[in-house]
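These features come from TrEMBL:
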TRANSMEM  17-40  transmembrane segment
TRANSMEM  61-80  transmembrane segment
TRANSMEM  100-118  transmembrane segment
TRANSMEM  139-159  transmembrane segment
Amino acid sequence: MPEFNIAFAKISSALPFIHILSVVVFIGFQANFLLIAKFFMKNIEGDTQKYQTIISMLKRLGYAIYGSIAVMGVTGAILAKQNAIKNADPMLNTILTTKWAIWGFLFLNVIYVTYRLNKASKSLQNSEYIELHENLIVTIYYFIPLNVAFALLAAYLGVSYREF
């Protein structure tokens, strides 16, 4: 009976791809948040339809963000366990610990962005436009770019970890 090499079906080949894909989705959607929301935030004062559009759009894109950050955490944990020999090196262990700290920060920041969006949604329902605008400004101009910057740093650390 002939032997077949089905290396493409090994979990050790698929996990890095899934992990990298989730990182790309996370960074891509965060950048998408930023660009689309900045476009809609121009001349928005008093336009409830634009406010509703931004909030609903950000909530829909948020599902992909939560999914990608969950996949990043699960695949990152599995990949870290597979490379147990690499973790013996103190420098690589530091890189891995830093990546986990960044992941925790990103996760908490995404939860906080969701909290701010919920506050913005409640402000819209109560016709409190100043509070609504402040919540959106803080979310769009501060927390989302912070997520993008830290996710890019984590991606760089991941490449550095992989190259050792």
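Backbone N, Cα and C atoms are what each Cβ position is placed from, and that goes for glycine too.
The stretches the transmembrane segment (139-159) and the transmembrane segment (61-80) do not meet in space: the count of Cβ pairs below 8 angstroms, excluding pairs fewer than 6 apart in sequence, stays at fewer than three. If one looks beyond the transmembrane segment (61-80) by at least 6 residues along the same chain, the residues whose Cβ comes under 8 Å of a Cβ in the stretch are 15-16, 18-19, 22-23, 25-26, 29-30, 32-33, 87, 96, 99-100, 103, 106-107, 110, 113-114, 117. Same-chain residues lying 6+ beyond the ends of the transmembrane segment (17-40) with a Cβ under 8 Å from its Cβ atoms: 50, 53-54, 57-58, 61, 64-65, 67-69, 71-72, 75-76, 79, 106, 136, 139-141, 144-145, 147-148, 151-152, 154-155, 158.
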